[in-house]
Amino acid sequence: MPSNKREKSASRQYQEISGNTNENETDQTRPTTTTAATDTKSKWLSAHNDFVAGINTVGSCVELVDLYAEGSVNLVIADFGNILLMPKIQAKLKVFKEFSLLKENNLSDLPCAVVACYMDTLQPRIPALAVASGSAVFLFKSLRPYYKFVLPQMEIAQVEKDVWHKAREGNIDMRAMHDVLNDLHRGGTVPLTHRSLAFLQMTNTNEAHQFVEHYKTIELKRQSCITCMKKLNKNSADEDALNCLVIGTEDQHIYIIEAQAFTIMATMNCPATPSFLDVSGVYDVEFRILATCRNGYIYLFRRGSETPRNAIYLNSIAVGLERFGKNIIVGCMDSSLHCYTTKGKRYWKHLLPAQITAMCQIDYRPKGFQAVAVALANNEIHLYKDKFLVDVIQVEENIYAMKFGKLGREDATLVMITKNGGLLVKILKRTATFEESDTLHGPPKEQQVKIDVPKRTKLYVDQTLREKEQAENMYRIFQQDLIRLKLLTGKEFLKSVQAGLNPIAKTKNEAIRINAEVHGLGPRFKLTVKLQNTSSTSLTPIIDLFISFTYDENIYSLNPNYIEIPILITGIEYGFCTFVTCITDKVISDIIKVYVCRRDSSAPLISAVINMPVAEPNLSI
Amino acid sequence: MDTTTSTAPPPSILKPSAGPMGSSKWPNDLSTNDKYNWLLHVMYGRGEYERIQQFIRIQSHKNSYMTYIQALVHRQEGRIVEALDLFQRSVIETPTLINIKQVAKSLALLGRYRVAIDAYKEALTRTTNDWEILHNLGLCHMQLREFTEAKQYLLQALQISEIQEASYLALGKLHLIEGERDEAEAVFERGARRNPESPTLFTHIGLLAFERAHYTKAFECFGIALTFSPTYIPAIMAACQVIQKHGDADVALSKYRIVYGKKPECAQVWNNIGMCFFSKKKFVAAVSCLKRANYLAPFELYILYNLALVHLYLQQNASAAIFLQSAIRINRKHAPSYALFGVALSKLNDPDNASRAYAYSLKLDPVDPVALLNYGIFQANTGVSPSQINATMQQFHQCYAERAASATNQRELDTSMLEIATKLGYPAPPPAPPPDSKSLLAAFPPPPFPILSTSTQPEENNVRSSSPPPAPPAVFSPSVQRDEDLSKQPSEEIPVVKTKIYDDARHKQRRTKHQPVESSDADAVQNK
């Protein structure tokens, strides 16, 4: 069977690859055994699992490229290190051969994108690595630093320059400086420098003074930062042809930079800051740039125009952007996956079961298989071919970066970086075929859940038997008891209403809530009675009330023991205080009853019973 | 304002080297202050909120984008007041469109719709074609019950972007609130054309079709919704309702498993599961499920009604009566409960009250053939004068004929009712044999089929719309409401048929003792 043979060769290759990495074998044993059970069905072979690789990066910083033109593709990762150790930068450019680290270079700042590009016409075709970080692109040739390209400085308003010039000479005071800069910020056409903005944010004059002292001698600059970078072929569509770099910046520009002499060939104005780019075409002929922006739009740029041709509104922020021919596939933060045409028409939209954490394109030429892989926060990777879900890969951790392509000598590998820094590599089986109507379209797996029907006890069964025999009797007794219960409840309620015992008094047009607190250790306590007029129907305040107390006069004495209540306005809580002194020397406590009464009726409107604490003995020294 | 460096870095182990950093507390180059904004954006996009907070905390200098992201994180984690505070600060610093929109959105989330509308209007002065602003303005007006404005804004929003599912849903609900079903349906269908994969829109269309008794169309719509989202609960509930109507309890039960897995504490699901078991004749399981449903939602009328029904079937008449009492206490106008109460009371040897219950039930709903038939049986059992029985049975046959003429689906009416009537000695009106009665039917409402599809719909509609009247006010919590009125439907449909079957058995037992109970059960199966 030919398919079987191919299967074997794939697994042999897998053996070879894993054999190469002796130091990783210990790591490998654990996870592969867990996945082995599902492997028979899976279309992927697990080639490498290193959950403690300690790599922290994003999708744009992973690149698969044949760095030495030797026919074996290297994995290049720009690793952030631990970003929470910030100002200390641990960023490194790591190059892997097979699965072992070949070389690493320190980077001066966090990289935002790594692109392998051809910047000369020499043979053999050895690519350079362009690493974008901050406001510069660093170029590495043969892994040695080669060139640094810095974004052009931006225009600064003349007034602002003058202000800082004056500050250097010391003939402007803080307040005037603040006013001038503030006016400029509100009404100016040119944005202020970060220095001035930081100055405007200061509230403390002393600090502002120090700030100016510190910065006045340093040259005033306004420079943008790179947010994303991709490459574009310059004059030929060949894979190893000369490239230019396409750079998106924080100040809402997209630059196209020629990679030989580093000149800016084209500048485009994006209406918002771009976050992901997708570039296709050839610079000299025709090209398209898609930019997803922070304002939730995708803009389409074409050759020869500075402004976007088309704008597509997404309902959410884009998390990833891929393009297949004229189809744009974009994953959004609201866990939806959309497909648009470049004209801006939506083909389809899927709601995914969890948030998207990474996306990558899968383009497996030998089989003509094109799909988009979407890593989700529920540890699954979904593969969509057109609008159909064709495969689900289970992984052990959240995937934060993915890249599909050649690795080593293997044609179809999926490199994944996990949330906790693991590095996983899976190889697509050669026998794997992806069909649109897969098992995935059967009944959802939730349907396998068993309904947990509550069990009935034997007692219940016995009672049902009894009921069948004596239903009439039981019903009659139940009825009698129910009526008796209702009667009792009614009686008690009547009693409490008559005595004003319930905590919320409610008559036809007034409602009062009572609340009492006792403070102190004794023998002297402070008793606070809080009253609130809670009537919502009428806004008329309640008047003519008083508070009185009943208590055992042998135990307590109250001063005052009668409180006139002033007007009670709706909604406001009033507090009334009295002092309670425990006059007995026995260690006992009693209750005090509080009554709120109307002056014209003898029955209390509302009452409260307070359980007094046992008083501490009176210490006489 | 602590936006500058004055905040000390947190005393964390994360940052051992950060304290004595250089001689100055400010970096020399402020111009690249924005260099990590892209990273914050990426981290926000994939939901690493905790990490963003930590990252921002350790930055020595904070820029405006950090404030913005921090506010977004607050809002995502539900601290809207803090978010609003930070967004407002951003607006003061740089009054851009995006900041104003975020302030407005936070205000709307806090329920301060009036202020939110002002903020959105402010945002509208800066742009004219922003779908989000117009849509949210529509929603705010909807919350304030200013429906005309809301409609206007939503229509404007749809002019800008025709694919927005949310706007179609909101607009459709507005029409439903105002009782304009046709418009609502039109809006939903327009939305569904633009969003051919939207489970929500199709479920809504299906429900509207269901209300009009277009069961095939309704089922198709639910099917479409479920193909694109096989675990979408409202569609499952609705589809199962149709399945249960067809008596396919096993299929419905397997679908309810999905809902059960996701919402194990949903009383409506337990009710429907219970009724599935009931139609499968697993009575103990049915009682268990219904009791759990009752435990989860003690004030749900239909659960109580179903419980009573099952108990009656199990001959636990006292329990049945007690549950019916509760049901009646919840809704004093529920005619079927009174009718069933009549059955229960007559079993409990309380003919006076049973008679009163029947009478009251028929006063509330004089055209229910089941209640009439049961009343007739009751009268026959208690020895009332034949003329009265005759009057009741006449009425029964009349109502039955009307129902039979209007029923689009034969399952809706159980033909065995006629058999029982015949056994009782009161066959269909003048001459006894069934063919005659059929001919009379045909004569009564002249053309049986063509007209009934039009003439009977309004009536059907009324019957149904009376059962979920809370629909309009509950629009603001749509999903819950949907669940409820779905579950009501099946519970209403299945039990009614059963009541009769039960009575059938009782009648046979009393009058014609030779027939054992089991065989009548078998009858019931056949009827199903």
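Keep in mind that glycine also has a Cβ here, set from the backbone N, Cα and C atoms.
Where the annotation comes from TrEMBL, it is an automatic prediction and has not been curated.
Feature annotation from TrEMBL assigns region 'Disordered' to B:1-26, B:424-528. Taken from TrEMBL, the feature repeat 'TPR' applies to B:131-164, B:165-198, B:199-232, B:267-300, B:335-368. The compositional bias 'Pro residues' feature in TrEMBL is assigned to B:427-436. The annotation compositional bias 'Polar residues' is assigned in TrEMBL to B:452-464. Feature annotation from TrEMBL assigns compositional bias 'Basic and acidic residues' to B:481-491.
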- Who are the long-range neighbours of the repeat 'TPR' (B:131-164) in its own chain, taking Cβ under 8 Å and residues 6 or more past its ends? 101, 104-105, 108, 111, 113-114, 116-117, 120-121, 123-124, 170-171, 173-174, 177-178, 194-195, 476
- Per-state residue totals over the repeat 'TPR' (B:267-300) - DSSP helix, strand, coil: 27 helix, 0 strand, 7 coil
- Note on the structure: Here the mean pLDDT of the repeat 'TPR' (B:199-232) is 85
- DSSP composition of the repeat 'TPR' (B:131-164), residue counts helix/strand/coil, works out to 27 helix, 0 strand, 7 coil
